[in-house]
Amino acid sequence: MTSTGPTTRTADRAGRSVARIVAALAGVAVGALLVHRFGVFTTLVRSGSMRPTLEPGDLLVTSRLRRGTRVRRGDLVVFRSRLRGGALVKRVVGLPGERIEIAGGMVRADGAPVAEPVARPAGGYRGRFAVPADGYLVLGDDSEASDDSRSWADPYVRRRDLRGIVRARLPRRGERPTVVAWRSWRRRVR
């Protein structure tokens, strides 16, 4: 007489475990495909140039830039840096066609002071920029430590190099989940 009880149950459990793992992996793959298809990706912050808004190691949720997407002053953008050979995150301060003046820690667009501080340039820095029709002027929030438009030979980020607009920062360890409303000038929305 042969016993099939315990070994059959063990095989059934193993089969169910494998099926669960396969289903979970398939779910992750489908989820990743949908996220990629609908234009959302993550970006890892690698430097301190965006302090205090972003810290090195922060993981950002970014929506891919599509035709017709409007980039606004104050948006945090991810773009491909031809000079640095990778992706950078900076804040948009100058829009296509604008004349930007930076002096005394203030930013002026077409002669008018920018109502909200988008990024505080160092007080001693002075510069004037004529943003081309397909370009953006970008600054890091930590003006003392940021390598940004102020120091580049070609100070403009071209629209074709923009990868996306930052929509949220994932919570740091021990932090409650929040969504950062970048257009509301760093106000946290819960």
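Just so it is clear, glycine is given a Cβ too, placed from its N, Cα and C backbone atoms.
Caution: TrEMBL annotation is automatic and unverified by curators.
The transmembrane segment annotation in TrEMBL covers 21-45.
What TrEMBL lists as domain 'Peptidase S26' is 25-169.
Feature annotation from TrEMBL assigns active site to Ser49 (among others). Ser49 (active site): 23 other CB atoms within 10 A of its CB, across all protein chains. In the three-state DSSP classification, Ser49 (active site) falls within coil.
Summarising the annotation, TrEMBL assigns active site to Lys90 (among others). Packing around Lys90 (active site) is summarised by its Cβ count: 25 other Cβ atoms lie within 10 angstroms of its Cβ, all protein chains included.
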Task: DSSP helix/strand/coil residue counts for the domain 'Peptidase S26' (25-169) - done: 19 helix, 57 strand, 69 coil
